[in-house]
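*Asks:* Structure provided below as structure tokens; questions to follow.
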């Protein structure tokens with residue numbers, strides 16, 4: 001009992017200490033490396049903006065999304081700056097939940113933002129969130145294994161080349177698998193990859209009347225190709241592998257190729273984290289000759305919730321964190337290879353960055369070749385490359401992701417998976433009122 | 001009088017006990033070992049048991065990035081606060097159900113348990129709205145209330161079960177001696193109930209300590225306990241197993257210490273109870 | 001014999017917890033029932049309208065519903081079986097004269113201290129992974145092919161993880177009960193030369209009956225709402241292999257933000273949980289009296 005009292009007293013005194021003089025911003029962010037670095041540089045912001053204090057809430061992606069969404073939708077007012085993705089921004093901006101970022105300062109240079117990224121974060125020409133880092137997806141491959149197999153990776157490979165190369169590299173007894181791809185069910189897991197892949201096959205989620213398209217041949221081609229490829233050349237356990245599982249496999253030298261987010265490039269080339277750091281090459285995400293590559297587009301961005309009483313301070317913070325000056329700051333403290341990528345043209349024009357980041361050109365090309373408003377070959381009623389920017393997508397994408405992971409695990413056939421996906425999405429879209 | 005125990009018995013029991021203990025504990029041991037590895041060693045094959053490059057850099061990173069003490073203190077406040085409140089309410093209730101049962105006692109017990117059957121996810125929005133309107137988001141009071149109410153049925157249940165084990169004739173004897181109900185509670189019932197109360201406290205502190213749904217969704221900064229500390233290390237983009245292992249090791253360390261002390265308490269309380 | 005005085009006192013003592021729990025139950029329950037009758041999406045405010053039982057209709061006709069129901073029952077049943085049987089065996093073992101008993105007990109209880117998401121991540125990536133996991137390495141040492149846990153045995157994998165987490169709970173409760181077992185009875189039985197097996201079934205097991213009941217009922221409550229472990233390991237897949245009712249409700253609430261649907265799912269889950277509880281009480285409930 002005495003221990004308990006002690007603990008309570010101690011806690012009470014702890015709480016009494018912090019004086020609430022400065023204006024305090026509560027910033028919700030994801031626990032990815034670039035944000036952690038930003039958290040570490042808070043002092044610089046405070047020095048430049050006396051009178052503003054910063055409190056961080058750093059969480060893993062799922063937990064953060066839950067909290068931030070619940071809070072903004074119920075107007076809980078817990079946060080002053082939110083870290084959200086390209087999926088949320090168009091939906092929330094349309095609802096009037098975000099403050100348009102008009103006051104980022106004279107030297108902010110909005111036009112320096114990469115056009116593809118900027119258009120994904122704007123509504124009616126107004127910017128609703130400032131990109132902190134942007135990413136696309138690309139092929140990362142092992143140059144040594146390609147050389148051994150007598151293969152040369154083109155800058156923009158086709159799916160047929162990828163499949164062929166994957167089979168040639170695979171050495172299952174030696175635990176080298178030709179290709180590692182996402183398989184774990186989830187709208188942001190396997191469906192991010194498969195939706196982007198389906199775009200290059202000419203498939204789409206919905207036609208212009210919001211009718212689901214899983215009964216179309218393009219989807220069947222996509223899914224069969226994926227399942228066959230993974231059966232021939234993928235690692236065991238693929239149906240529960242996500243980004244991090246594949247990263248671990250690639251970095252320990254078990255994958256010949258890996259198609260995933262461009263930010264992975266800095267992990268696989270970091271000798272501290274990777275056994276194959278000096279053997280990695282990069283190429284654009286594959287295509288099928290239909291004019292679309294299988295690459296996605298995502299930007300973790302900072303936004304201010306509508307109704308916040310600290311809008312001015314929040315915008316100051318956002319301007320600081322997404323400015324050119326911030327890139328220089330990170331470069332000075334941690335080196336150019338560690339600056340948040342994928343947001344500003346000027347960064348890619350910087351020779352120092354090009355030297356420090358061998359993946360810079362491929363990242364930029366990947367980002368530029370993604371178009372959120374025309375993601376696939378045929379016209380679509382939605383925005384978003386590897387997602388459909390409607391509120392229902394998280395749930396629907398996860399359901400379809402489960403069905404597709406069953407096809408990968410072999411517990412259902414491709415046809416069964418597609419039929420169930422068609423049925424589930426028709427049902428969901430009818431319930432949500434898209435299909436009358 | 002202690003029984004005579006043969007040496008063979010002692011040796012076999014010890015061997016079997018340690019083997020089982022080791023097997024069950026192994027995943028945690030592995031996690032602790034991982035916390036001293038580099039991220040690259042953490043998933044290398046063949047796995048490295050002891051002869052790897054030991055490093056404390058993960059702990060240094062965690063130390064630098066998070067305010068561990070703040071979160072640990074919040075965990076302690078929430079876990080002990082909610083358990084303490086639960087005991088105050090539950091001991092009388094369990095006492096009355098165990099020693100003055102009525103026809104409805106069993107139904108009441110089951111009903112209490114059924115209040116816990118609502119999946120928390122299903123009621124998040126109603127609770128969030130109530131908390132928002134009551135100004136309880138991210139406050140200790142709010143979280144203690146939620147944890148206390150969430151665990152109350154279980155506290156009542158466990159106490160009820162342990163109280164039932166106490167032989168009634170002892171109470172009768174005390175009553176014959178003219179003890180009042182208050183004295184009966186304090187001098188007769190309490191000492192005999194110590195092991196039961198101790199294990200109830202232990203279990204509920206652990207349940208509250210690990211409760212990740214409400215604590216994650218209803219706190220931001222001020223009241224955020226170790227569950228949010230963990231959530232800031234799990235599954236980022238990039239390798240994280242060594243850092244997550246370090247963070248988890250730090251998060252379970254306080255409660256492991258508590259487990260050690262209450263484990264002793266359990267045994268001691270027991271020898272008291274056995275003296276008749 | 002309870003006198004009138006103690007009975008009144010009993011009511012007074014019981015009242016606070018009953019009232020508090022009643023409020024705790026009735027307020028959210030009332031709100032949930034009300035929400036379950038609305039079209040109410042958190043991401044689409046301002047469109048709330050009364051839709052009657054439509055949310056229930058959608059939840060119950062979800063193609064995943066029956067698979068989820070079956071998975072829930074299998075998950076709860078298997079974990080209960082493993083933890084109760086394992087818990088009794090381990091509790092008996094821990095009651096033996098073990099050198100360093102305190103440490104061994106602490107090791108056995110320790111899994112309970114680890115947060116569910118962490119233990120799921122540790123099991124999935126460090127132990128069960130078919131390429132880089134420890135189990136695959138052990139299998140390799142024995143010359144066996146590595147088991148691809150989450151592809152071929154997804155539900156079993158989840159069951160193992162969850163059972164590992166709850167084994168300590170069962171052990172702790174059963175051990176405490178076991179220790180209240182009369183030393184004199186033990187001695188008497190030993191002097192009589194009663195064989196250990198019949199001693200166990202005739203004396204020990206009946207003595208543990210109430211503790212077992214408590215373990216089953218309390219664990220059931222928690223196991224019915226397991227979902228963090230599923231989310232971080234399989235995301236409910238492959239297919240519906242690891243989707244349970246709690247995961248369906250989660251998808252409604254925190255992926256769709258469909259408050260109406262999630263509320264309906266929550267109510268369905270409560271009804272199901274109560275059916276399970278009634279069934280369990282029939283099965284083991286007689287141990288509650290006496």
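Note: Cβ is positioned from N, Cα and C throughout, glycine not excepted.
Unlike curated entries, TrEMBL annotations are predicted automatically.
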*Asks:* Under TrEMBL, the annotation transmembrane segment belongs to which of these stretches: C:44-61, C:134-151?
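*Replies:* Here TrEMBL associates transmembrane segment with the stretch C:134-151.
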*Asks:* Determine which recorded stretch among C:12-35, C:64-91, C:134-151, C:158-177, C:197-218 has the most C-beta pairs below 8 angstroms with the transmembrane segment (C:103-122).
*Replies:* C:158-177
*Asks:* What same-chain residues lie close to the transmembrane segment (C:64-91): Cβ under 8 Å, and 6 or more beyond its ends?
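*Replies:* Long-range Cβ neighbours of the transmembrane segment (C:64-91): 108, 155, 158-159, 162-163, 166-167, 169-171, 173-175, 178, 205, 208, 212, 215-216, 219-220, 223-224, 226, 240-248, 272, 276.
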*Asks:* Please work out whether the transmembrane segment (C:262-284) lies in contact with the transmembrane segment (C:158-177), by counting C-beta pairs under 8 angstroms that are 6 or more apart in sequence and asking whether there are at least 3.
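*Replies:* These two stretches do not touch.
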*Asks:* Return yes if the transmembrane segment (C:158-177) and the transmembrane segment (C:134-151) have at least 3 CB pairs under 8 Å (sequence gap of 6 or more), otherwise no.
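*Replies:* When sequence-distant Cβ pairs are counted, the transmembrane segment (C:134-151) does not touch the transmembrane segment (C:158-177), since fewer than 3 lie under 8 Å.
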